[in-house]
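A.B. asks: The following block contains the structure, expressed as structure tokens.
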Amino acid sequence: MSFNLRNRSFLTLSDFSTREMEYMLNLAEDLKKAKYAGYEGNRLAGKNIALIFEKDSTRTRCAFEVGAKDEGAHVTYLGPSGSHIGYKESVKDTARVLGGMFDGIEYRGFSQRSAETLAEYSGVPVWNGLTDEDHPTQVLADFLTAKEVLKKEYKDIKFAFVGDGQDNVSNALMLGAAVMGMEYHVVTPKELEPTKDVLDKANAIAAKTGGKIVVENDVKAGVKNMDVIYTDVWVSMGEPDEMWQKRIKLLKPYQVTKEVMEATENPNAIFEHCLPAFHNTDTSIGKKIEEKYGLSEMEVTDEVFESSQSVVFQEAENRMHTIKAVMVATLGD
């Protein structure tokens, strides 16, 4: 069966088939090889791309800008104070304005509905750079990195997310794993298990692809035989102190330590993280956490983060290659 991703938006991985997702991942591999060989393409030549960032970013912004420019596109960045979206101008109106000027739009913000509205009314491909509910571009990089390091087919890679089971990255990983027919464990406290809507959607997809979704409260049981141990920050910046205290109490037993990695009983297991990570006190936030809560490490220990099992910087680089693949697949000539 043939397919064409041109002019498709990239809002959530559940919108894609296994074959379509594999195509984007394989394209990312090809584009990465081409970049390493010194080849700069022109698949996006003459295209104008808008990057809407309601939330600041390092990896996502750089990945879109470098990826677009590598393939010949022009990029306009609209930061948190650089547009009227949702404040002085509705998302629907913004979509129609930008759709008349740009060939593609990246959106990184709060609401998944805003991303959907942009896609509905702009008339051009819209790419989800992160919302409170989902983070699909991150998952392509996570999967590509795991395949590169583990030398396994996607369907044979077993992922375990350890931490907040309602996290947007965990949601995206769960949906992506279901699409690819993978086994995916959410290792989380009872209070933070995935929402029924996301879990039901992932299970419905997995039933068709041969994937397996497991929710587990016990860390040792949840990580056994896993290939990839994944975590994310416990609390987003700007949340009140009470939330930090509550989350730390709930999630401290789910910190990824050397013992957690050993509990996989898999000597080849790797550690992934979407970054930034609070693994030491080298940042102002890290220092504040230590002063206020007595923790020098949060979701992952520095020992694991800096270990040979950690592939977080290869994973970060792959954000650019996979995002470039999404743009080329949906917008390229």
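Quick reminder: no glycine exception, Cβ is built from N, Cα and C everywhere.
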A.B. asks: Ser57, Thr58, Arg59, Thr60, His135, Pro136, Thr137, Gln138, Cys274, Leu275, Arg319 bind carbamoyl phosphate in Swiss-Prot, but which of Arg108, Arg113, Arg247 does that record place at the same site?
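C.D. replies: Candidate in the recorded carbamoyl phosphate site: Arg108.
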A.B. asks: How far apart, in angstrom, are the most distant Cα atoms among the carbamoyl phosphate-binding residues Ser57, Thr58, Arg59, Thr60, Arg108, His135, Pro136, Thr137, Gln138, Cys274, Leu275, Arg319?
C.D. replies: 16
A.B. asks: Which binding-site residues from the set Ser57, Arg59, Arg108, Pro136, Gln138 come within 10 angstroms of Asp232 (L-ornithine binding site), judged by C-alpha positions?
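C.D. replies: Correct set: empty; none qualify.
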A.B. asks: Measure from the CA atom of Asn168 (L-ornithine binding site) to the CA atom of Ser57 (carbamoyl phosphate binding site) and give the result in Å, rounded to a whole number.
C.D. replies: 15
